[in-house]
Structures are given as structure tokens and as C-alpha cells.
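A short worksheet on the structure shown next.
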Amino acid sequence: MLLLSLALTLISAPASDTCDTKDVCIGSPGIPGTPGSHGLPGRDGRDGVKGDPGPPGPMGPPGGMPGLPGRDGLIGAPGVPGERGDKGEPGERGPPGLPAYLDEELQATLHELRHHALQSIGVLSLQGSMKAVGEKIFSTNGQSVNFDAIREVCARAGGRIAVPRSLEENEAIASIVKERNTYAYLGLAEGPTAGDFYYLDGDPVNYTNWYPGEPRGQGREKCVEMYTDGKWNDKNCLQYRLVICEF
């Protein structure tokens, strides 16, 4: 209604503008026209900034058939050894072996060992460092040390300090002492009673060859030495004497 009144007022109003034929007359603005129809859609705009990742979706259905097994991996480091298991039951008794005299391989081995042993004894005997009496062998390395050191040397070699238990053994040891021209300790030691001597294993002495008047150390000389003539004398154990071992 307001627009209609305004239009009538403009129509009834006298024209105040005059213009010549040569001039362009400019009138008052007209009534606004009706809106036009929509234009064509515009072009797509530029991509926007990348958004944050969305939440994980639900688990999908299982896939197809399982694939083939992969190749074996490298062998790992050895594990810690386990605890020792219980001892097993004894096995069945085996068949009896051949008698030694029928075992050709054993006989050949024994023959070879015997041959090498005889060779060694022969060589050392020529050097004057070994004497064999019965089942015993007496040997020296030519060194002179105290009694305890001799025991250790002989033990390391698998023997013990030489000690005669018969006249024949005494003569064998005496021959080494004479050749080396050095007294030697024997495998004897004085017991609790002065003048009573025993073998080192504790057994009483069953053979002696004391020098006249010996022993006379009265408990102060606990060891026994052999002279170059084979006679015995009690002596303190700290002197240096020839190493002679028996095997």
C-alpha cells in the first residue's frame, strides 16, 4: 500500500525538469523491478585444509583362505642348560668279552707298550739315571732339594721317594747315589718315639742298613739319608739331597 501511494504521488507531481532537444534529460529513479531467476551454478572452489583422522571403523569380516606358511627363521642362541636329570636304571649286562690271550688287538697293544717301556728303561739305564729291581724302578732327575720338595717331585711324576725294602733294592739306590756322588733322602720318617722310623705310609720298617752307631739324633733328626756306600744316617729334613723316586 505504501508503494502504491508513492507511485501515485510521483505521477501527479509536475515536471520540474526541462530540457532542450539537444540535451539528455535525466529522470527520477523508477520503481525496482521484480527479482530475476537464479543464475547457473558457480565453479567448484579450492580444496579445503585436510581434516583430522576420523575414529577407527568397525572390524571387517574375515578375509579369504590363510596364506602359505613362511620360511623357517634363523636358529636362536642356545638356552640355559637344564637341571641334571635323575640317574637312569642300569642297562642289561653285556656279553662276556674275549679272554685277554685271545684278544689279538689287546695283545698287540700290550706288546707295543712293553717294547716302548723297555726302550725307555734301556736308554735311561745307559745314562745312569734309572735302575730296575724286580717290579720296582728307581730313577733320579739329578736335582738336589729338601725332603718335602722331593716328595712333591716324586708325587707329580706318579711315584714316591725311593726306599729300600731289601738288600737288592738298597744296592740299586746306592749305585745311583754313588754315581752322582751325592747323598739322598729315603722314604722314611721318625715316629713319636726317638729312634723309631717308619715308612711314609705308616708301616714299620722291615729292612735297615744303618751306619754303625746310628740313629742317634735323639728325636731332633726326623729324616734318613743314604751315604755313597749305601749306609743310612738320621738327618734333619731341611738339607739338600739327591732326588730319587721309585715307581
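In case you wondered, yes, glycine gets a Cβ from its N, Cα and C as well.
According to Swiss-Prot, the features are:
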type     : residues                       : note
BINDING  : Glu214, Arg216, Asn233, Asp234 : Ca(2+) binding site
COMPBIAS : 41-50                          : compositional bias 'Basic and acidic residues'
COMPBIAS : 53-64                          : compositional bias 'Pro residues'
COMPBIAS : 83-92                          : compositional bias 'Basic and acidic residues'
DISULFID : Cys154-Cys245                  : disulfide bond
DISULFID : Cys223-Cys237                  : disulfide bond
DOMAIN   : 27-99                          : domain 'Collagen-like'
CARBOHYD : Asn206                         : N-linked glycosylation site
MOD_RES  : Pro29                          : 4-hydroxyproline
MOD_RES  : Pro32                          : 4-hydroxyproline
MOD_RES  : Pro35                          : 4-hydroxyproline
MOD_RES  : Pro41                          : 4-hydroxyproline
MOD_RES  : Pro53                          : 4-hydroxyproline
MOD_RES  : Pro56                          : 4-hydroxyproline
MOD_RES  : Pro62                          : 4-hydroxyproline
MOD_RES  : Pro66                          : 4-hydroxyproline
MOD_RES  : Pro69                          : 4-hydroxyproline
REGION   : 30-100                         : region 'Disordered'
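Here the features listed in Swiss-Prot are placed on the structure.
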residue : record              : DSSP (3 states)
Pro29   : 4-hydroxyproline    : coil
Pro53   : 4-hydroxyproline    : coil
Pro69   : 4-hydroxyproline    : coil
Cys154  : disulfide bond      : helix
Glu214  : Ca(2+) binding site : coil
Cys223  : disulfide bond      : strand
Asn233  : Ca(2+) binding site : strand
Cys245  : disulfide bond      : strand
- Report, as a single number, how many Cβ atoms besides its own are within 10 Å of the Cβ of Pro53 (4-hydroxyproline). 6
- From recorded positions Pro56, Asn233, Asp234, Cys245, the one whose Cα lies nearest Cys223 (disulfide bond): Asp234
- Cβ neighbours of Pro66 (4-hydroxyproline) where a neighbour is any other Cβ within 10 Å: 7
- What other residues of the same chain, not counting Glu214, Arg216, Asn233, Asp234, have a CB atom within 8 A of the CB centroid of the Ca(2+) site? Trp210, Tyr211, Gly213, Pro215, Gly217, Glu221, Val224, Trp232, Lys235
- Item | Residue pair Pro66 (4-hydroxyproline), Glu214 (Ca(2+) binding site) - Cα distance, angstrom, rounded | 101
- Task: Taking Cα atoms as reference points, rank the binding-site residues Glu214, Arg216, Asn233, Asp234 by distance from Pro29 (4-hydroxyproline) and give the first.
- Result: Asp234
- Using Cβ-Cβ distances, find the residues under 8 Å from Pro41 (4-hydroxyproline) that belong to the same chain and are at least 6 apart in sequence, listing them in sequence order. none
